[in-house]
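Trainee: Shown below is the structure under consideration.
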């Protein structure tokens, strides 16, 4: 059992998500947990479970500063909050893509900066959930080297498919239809199915199982610099050591892009 004095703050803890699952898993491991979200009403079940909840809009510097000032000490920061956007590059709304980058990259770094004084004092840890956030993965490598002299560990959390509200929220908050003039018109149905992640919706690791595994990894005496958890995460890890492009056919079959390719070619 981890000492109750250890504290963790997790961003993006709305109910049904991976952040909420992490909050529960950390509490069960003996941590004092600060669960945060932009809308505190979406963390009601966590409050009922005895988990402390704080308001945090990661896109607001004022909100970040207020949240950081309300925490007296911190051992682990988990940058979990983020968003997703599925659209072929040819049809992508660049302004929307820039907003996504603000959420998934710059906001994460702003949160890390705000809580860094606490983490340096405790010689703590920063962990960033990384699915499609490739830029954050690169920044994690930089932070790991830069913060090592201060005793702060930086862990890159690479996650496969997890059964959570992420895909559901994506369908609600982001466009899932191609524009009328898309070059993918001959394969519209197949492309939009891939954008909705139809083939991936029911194959994810249960969020509570994923969270327990991640907490177990992070609380090891010497946690790995990169943690691979979630369905198909091992496949992603294997792909990093294979020749570039070797996994293309597997990824196409997993996502439905093989069907897209067939329809575009025969059009």
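These residue numbers are counts, starting from 1, taken along the chain as shown.
Even glycines carry a Cβ here, placed using N, Cα and C.
What Swiss-Prot records for this protein is below:
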ACT_SITE  129  active site, proton acceptor
ACT_SITE  133  active site, lowers pKa of active site Tyr
BINDING   10, 36, 42, 57, 80, 129, 133, 162, 164  NADP(+) binding site
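Have a look at these and tell me how they're positioned relative to everything else.
Mentor: For residue 129 (active site, proton acceptor), the count of additional Cβ atoms within 10 Å of its Cβ stands at 27 [all protein chains shown]. Taken residue by residue with DSSP, residue 129 (active site, proton acceptor) is part of a strand.
DSSP assigns residue 164 (NADP(+) binding site) to coil in the three-state reduction, placing it in neither a helix nor a strand.
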Trainee: I'd like the number of other C-beta atoms within 10 A of the C-beta of residue 164 (NADP(+) binding site), please.
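Mentor: There are 23 such Cβ atoms around residue 164 (NADP(+) binding site).
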Trainee: Between residue 164 (NADP(+) binding site) and residue 129 (active site, proton acceptor), what C-alpha distance do you get in Å?
Mentor: 14
Trainee: Cα of residue 42 (NADP(+) binding site) to Cα of residue 129 (active site, proton acceptor): how many Å, rounded?
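Mentor: Taking the Cα atoms only, residue 42 (NADP(+) binding site) lies 20 Å from residue 129 (active site, proton acceptor).
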Trainee: Restricting to the chain of residue 80 (NADP(+) binding site) and a gap of 6 or more, list residues whose Cβ falls under 8 Å of its Cβ, or answer none.
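Mentor: Once residues fewer than 6 apart are set aside, residue 80 (NADP(+) binding site) is near 10, 11, 12, 13, 17, 18, 19, 22, 129.
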